[in-house]
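Colleague: I have a structure here, written as C-alpha cells, and I will follow up with some questions on it.
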C-alpha cells in the first residue's frame, strides 16, 4: 500500500512535452494531440533558432516596421460627436436619424444655453423677489455678452433664435419688427416686466424715444401710427398672437424701479408681487397664444398646497435659444455686415462657440461668492469642450504609467551577478511593447478607425499591462533553458516551451475584443477593434522582435558584459568557481546546486491492450548532492519570480558567480513550491477554497441583481467642476427632455387625419409625457392648422352673413374672410380648379373635425404663409416645405385666386416634453410606450417614429443585456474552441471556460456592489474579461497538462513554474492601470480603473487558487504516462553514444508488447527535494511515500517505494 508524501516534499518533473514525448512519437504510438503539439512546438523551435541566428536583422526590420506604423498616429481623428459615438450602428434609431438628416439636414433648429439658480442652503424657497432679482442679474449679465470676431461685434440679438418673424407689406413696420422681434428666451422673468430687459432689440421713430420692449406698448403704438399707415393686417396678426400690451402690462418685480411702466399692475401700489402666484401655471413670452412656458420648464423642486396652489420651489431655470451654425450663416449671407469677411458656415460656428463660452463664463461670475444663491451655466459648446477634454491624451499619466512599468521590469529582472542581470532586457521589453501599442494605434488610424475617449484614456495602459505579461513569460523561460541545450538553440528551445502559451493568450485576447465589437455602440466597437489590433501588434512584437532582444542579451551574458552598460566587462567575471569531477561509483553522478545531470537506461514499451506508452527506469543511477554553498550564492530558482530569471547557471563547468545577500534566497518560486502549493493542495484547504469561491459566486449572483442600467452625463464629467454642479442640478430639478413624434412619407396625410389625431392622443397619454395646460390646445401643427381654418371659416361666415363677402366679391370682407373665400372655391381639379358654388355648400373643417382631403394641401400652403407664429410654435419642420404664397385681398385677378397645393409631406413632427425621467428604467418605459404607440399607428397605415435624445442614447438599453449575453456566450464558445484546438484537450478547455465564466459572473456581481451601472462601457469590460482572464488560467492549465504524475503532483508543478509569471503579469497590469486612478474624470476611475483592477485580482485568484484546486480534483489524465519497475527485462540494450536521446528496438519482441530501449541524458533541475520521487504512475498514479532525508535517495536509488 502506498501513501502520499507531504506536499512540502513534492519532486520536480516539469519537462517540455515535445522533449518528453520525442521517443514515444517515433515509437509510433502517441496520441494525435501530443503529436500535433510536438509538431507545432517544432515550428516554434525553428522560428526561435532562425530569429537567434539573424537577431540583428530581425530587430532592425521589426523596429523599422513598427516605427513606420506608429507614424500613422498623425492621421488619427478623435470623434466627440455624441450621435456618432453612442447611436447603435444599423439600428432603427440609426436609420431614423439618417432619415431625419436626409430631410432636414445635419443641424438642429436651435441650440440651448441654460442658467440654473439654486439656493446655497438646500431646501430653501427660491420664489422670492430677492432670489428672482439675483436671477435677473445673472441672466442680464449673460444676455449682454458680446464677442468681437472677424472685425465685427456679435451680441445676443444678432445670433439668437427668433420664432416666426412675420412678413409685413408695410416697409416701415417690417424694418421696425426686424429690429424689435424678440429672441426666444424661456425664463421665469417673463412673468414680470423685468423679462423685457433681456431683449436687446431697439427701433427708432421720429418724435419718440428709442422703442424697446421695456417701454413698448403694441396697442398704443398701433393707435399712434394708425392715421399714417394701413396696419390692418399687422393689427390682426398681433390680435391672433394675443400680444396685448406685451411686457409693459405685467407686474414689476421691483416696483420701486424708476423705469417700471405706469401700466404695470403694481406700479401705483408699490407692492412687491406674490412670486409664487405669478409663476403658478407658467409664464408667457410676448405672445400669450404661441409662447407659453410651462412651470416644469422654469421651476424645480416645487411644492404645492392641498388645493394644488404653488407654494415654493428650490430652483429657477432660464434657457436662451441660439440659431444653429447653418441658420446663422444663411441669415447673414449676402448681408452688408459680412460681405467683406468671406462669410462661411465655419465662421458662423466659431462665432457661436465663442459667444457660448463667454456666456457661461460671465454667468458663473455674475453673483458674488457670498451670495445666498448660486448660478450654474451650461451650453452645447460646454458639452463639446468636456468631450474634447475627456478625449485628450494625458501625457503625464501615459509617461508616468510607462515609467512605473520600466522601473518594475528593470528591478524585477536585476540580479546580483552583474553579467547575469537582465535589467536591460526588462527596459527593452517595456519600450518594445510601448512601440507596439503606438504602432497598433497608428495602424487603426491608417484603417480609418476613429479614436474616442476610451481609446485615449484607457487603451494605452490596458494594452501595456497585457503586452508586458508575455515579455515576462518569455524572459523567464529563456533563462530556464534545459541543461545541455546548445547555445545556438536557446531561443528555439524557449519558444518551443512558451510559444504555445503566448499564442493561446494572444488569440483569446484578440477574440475577446473582437467579440466585444458585437456591442453595436460605435464608440465601444471602435475601442474593441482598436484593442484587438493593438493586442495583435504586441503579439507580433513579443513573438518576433523580443526574441531578437533576448538573443542579443544572450551574447552579452556569454561575453560576461555588464547589464545596461554592455561595453564594460563584469567585475564578477574574474571570480570563477571550479566544480571538480568526483569519484563516483557505478551509476553515480554529481548533483549541482542549480541542476543535476544523470545518465540512466530507460526501456519504453507499448501495451497493445491499453495503447499506453510505458517508460521503465532501472534503479542504477545514484544521485549524490555535494555540500551546499553556505552563503547561498547559487540559488535554487526553478520557476520563480522574474527577479530570479537568471537563477539557472549556464551549462559550462566554469561559471561566474557574485555573492548575493541571504535575503535574496526567498523568491516567488520558492514561496510557490515550499509554502503555497503544499498548503493549497491539502484536502481541507481544497474544501475551504471551494466553499469560499462558491460563496463568492453566490454573493456575486446576488450582486448581479443590484446592477442597474444607465450612464448619466454626471458620471462622465469630473466631480467638483462647475459643469458637474450644473448637470447634477439639472438632473435633480429639471429632468425634462424635448422629443418629437416624426411622421414619414409613404402614406396620404390628407386621408389619414383621424389616424394622426389618434397617434397624437396615444402618445400624449404616456405617463412620461408632460400634458399641456387645460386652457391650452395641444401644441401640434395639425391642431394649429385645423384651429386656424376654423377661425377663418368663422370670419367668412360672419362676413357672408353681413353681406361684406358675396359670391362675386370679397374685397369688403376681413382678411381672414377673404382667405376662407379663396380656399372654399378650390376644387383640386387641374381642369376646373375653381367652383364658386362651394362657398355655401362646404366647410373648411367638417363636423368630425377633419379637413376635406381635396383642400388639405392647398390649405397647408395658405396656413404656412399666413400664420408664421403658429407654424413656428408647432415646430412642424415640414419637408418638402410648402410653397410661399402671398395673399392680397385687393387683387381680384383669376391668378390670385389659384392656390398652389403643397407637395405630399415626407416629414412632419409633433413636439412633446418628457418629464420625470430619472433612472434608466424610466427612460426604457417611456421608449417602449412610444414605440408601442408608433407600432399601433403603423397598423393604421401611418409611418411614424419618436425622435429626441432619450431615443438616441437610451434605446440601446432595450437590447443591451441581450447583446451582452450573446457576446459572452459566443466568446466562451470561441475560447473553448481555441483552447481545445491549441491544447488539443477538450477536458482542460472546459475547465478553463468554467473558470472564465465564473470570473465574468463574479465581476458582474461586484459591479453591482460598487454601484457601477450597466452601460456599453462595462459591457465591453465584461466581455473583454473573458479574454483577459485567459492570461491567468492558460499557463497553469498548460503546465498541468504537460507534466507527469498524479493530479496533485501535476497541479503543484504547474503552480511552481507559472506562479511567478502569472503574478508578475498581474502586477504589470495593475501598474499599467494605476495611472488611471489619477484621472480627473470620476468615470475613468470607477468604470475603468475599479472594474479592471477587480478583474485583475479575480483573475489572479482564480488562476492561482481555484484552477489548481479544480485541476487537482477534476483535471484530465496526463498525456504521457511513465511506469517504473525494479528489475525491467532488458533485451540487449544498445550502448549509449553520448548525450541526447537515442533509441532502438530489439529484434526479438513478444507480440503482446514492443520494447524500446532508450539511453537518455536526463537533465533534472532544480535539484531534487528530500524524498523519493520516482514512483509507479498508472492512469492516475498514487503518491509514493516520502523519505526523510536526501541521503535516503542516494542509498535507495530511484526505485519505487512501497508501504
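Don't overthink the numbers, they just go from 1 along the chain as shown.
Glycine too: its Cβ is placed from the backbone N, Cα and C atoms.
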Colleague: Is it true that Swiss-Prot lists residue 52 and residue 1093 on the same side of the membrane?
Modeller: no
Colleague: Out of 930-950, 1014-1034, 1035-1055, 1119-1139, let me know the one Swiss-Prot marks transmembrane segment.
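Modeller: Matching range for transmembrane segment: 1014-1034.
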Colleague: Between 330-350, 351-371, 372-392, 393-413, I'd like to know which one Swiss-Prot lists as transmembrane segment.
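Modeller: Of 330-350, 351-371, 372-392, 393-413, Swiss-Prot gives transmembrane segment for 393-413.
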Colleague: If I take every residue in the topological domain 'Extracellular' (1086-1093) and average their pLDDT values, what number comes out?
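Modeller: Reported value for the topological domain 'Extracellular' (1086-1093) is a mean pLDDT of 86.
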Colleague: At a 10 A cut-off on CB-CB distances, which of the glycosylation sites 370, 812 has the highest count?
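Modeller: When each Cβ's neighbours within 10 Å are tallied, 812 leads.
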Colleague: Quick one: Cα separation, residue 370 (N-linked glycosylation site) versus residue 812 (N-linked glycosylation site), in Å?
Modeller: 66
Colleague: Output the single range from 992-1012, 1014-1034, 1065-1085, 1094-1114 maximising the number of Cβ pairs under 8 Å to the transmembrane segment (964-984).
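Modeller: Most contacts with the transmembrane segment (964-984): 1014-1034.
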Colleague: Tell me whether residue 370 (N-linked glycosylation site) sits in a helix, a strand or coil according to DSSP.
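Modeller: It is coil.
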Colleague: Under 8 Å between C-beta atoms and at least six residues away from its ends: which parts of the chain pack against the topological domain 'Cytoplasmic' (985-991)?
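Modeller: Here the qualifying positions are 33, 975-977, 979, 1037, 1040-1041, 1107, 1110-1111, 1114-1116, 1119.
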Colleague: Would you mind pulling the DSSP three-state label for residue 812 (N-linked glycosylation site)?
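Modeller: Note: residue 812 (N-linked glycosylation site) is coil by DSSP, not helix or strand.
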